[in-house]
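Undergrad: The feature coiled coil is assigned by TrEMBL to 154-181, 289-320. The compositional bias 'Basic and acidic residues' annotation in TrEMBL covers 22-32. The feature domain 'AH' is assigned by TrEMBL to 152-352. Summarising the annotation, TrEMBL assigns region 'Disordered' to 1-32.
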Amino acid sequence: MAQESPKNSAAEIPVTSNGQLEDSHEHSFNRDLKRSLPVGLGLSETKITSHGFDGAKEGVVEAGQFASPSASPKSSVISPSSAAASRLAGQGCDLIIPTGGRAQQKSGPVVLADEVKNPAMEKLELVRKWSLNTYKCTRQIISEKLGRGSRTVDLELEAQIDILRDNKKKYENILRLAQTLSTQLFQMVHTQRQLGDAFADLSLKSLELHEEFGYNADTQKLLAKNGETLLGAINFFIASVNTLVNKTIEDTLLTVKQYESARIEYDAYRTDLEELNLGPRDANTLPKIEQSQQLFQVHKEKYDKMRNDVSIKLKFLEENKVKVLHNQLVLFHNAIAAYFAGNQKQLEQTLKQFHIKLKTPGADAPSWLEEQ
């Protein structure tokens, strides 16, 4: 006689239609149920689900894949005995045995999100748009260089941009010459200071030429002092012109480059729209024309905005340039004239007028108290 599987206390509690326990048919129900199940499968591996108490559904036992070759890979339906079937039909219950003998609960419907954001797809879309835009702009640039494509030109604005670029080159040349003058003046001042020290030393050692060496020592030291004052004025002039050329004008030219890029994009999409308008209009081309019209409008607004920004920056740059160069040219003239005229008082007054402070030797080095 085959050995029966051990009983499970939870599986032996039957449920009646009114939810109360029933002891009279307990042994017969368990016996019929054991006969209907395969050998080796205990009641602890089953699950009972209810379909309602007043339903007339037939009881069904669902089992997973067993060693039997006739079993289905997913699940098989096993009809219980007549006593167990009537028992389950009266109680409106199903007996479910999942695959592998482990209990599984019936899950509800799986709801997927309508739109799942994929970062890789977003990056791919950005790369696609960038590639398409680059292709259109490159084609427009090549067409303009070959003389085949048309370009939008603002004559007044283009003339102002050309003048600005030409002035930048001239200001850079002035800046290089001023830096060369500063370097040479620094060497001359350094030589004059050394020459003055040498004359002063000889005036102390040569008694017969004491006065002559002394006069030359004082002259060279005075020239070195005035040269340092002039050097401070020239360096201040260089710093101001350098700020104007390499920061203010360069910032405006950067905006000009952005304006030119916007102009190329505008002409590229304008040419694309014109080509589509010259072609046939049917169900396939109308969506493309509408999309091209939208892209053209976007780049037109961008082009108009950049053109307005360039006009405003050129206006403010011209006002700032006149103000800065006026002050710096007056400073340069007065300092050079006072230095070569030997007017030390006028030279120092010029520096005070423009609030220029000279650095004393060793002023850059921190004191011993600051080092502490």
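Using N, Cα and C of the backbone, Cβ positions are placed for all residues, glycine too.
TrEMBL annotations: computationally assigned, not manually curated.
Burial and contacts for the listed features, if you can.
TA: Note on the coiled coil (154-181): its mean pLDDT in the predicted model is 94.
Sequence-distant contacts of the coiled coil (289-320) (same chain, at least 6 residues past either end, Cβ-Cβ under 8 Å): 152, 154, 157, 160-161, 164, 244, 248-249, 251-252, 255-256, 258-259, 262-263, 265-266, 268-270, 272-273, 276-277, 281.
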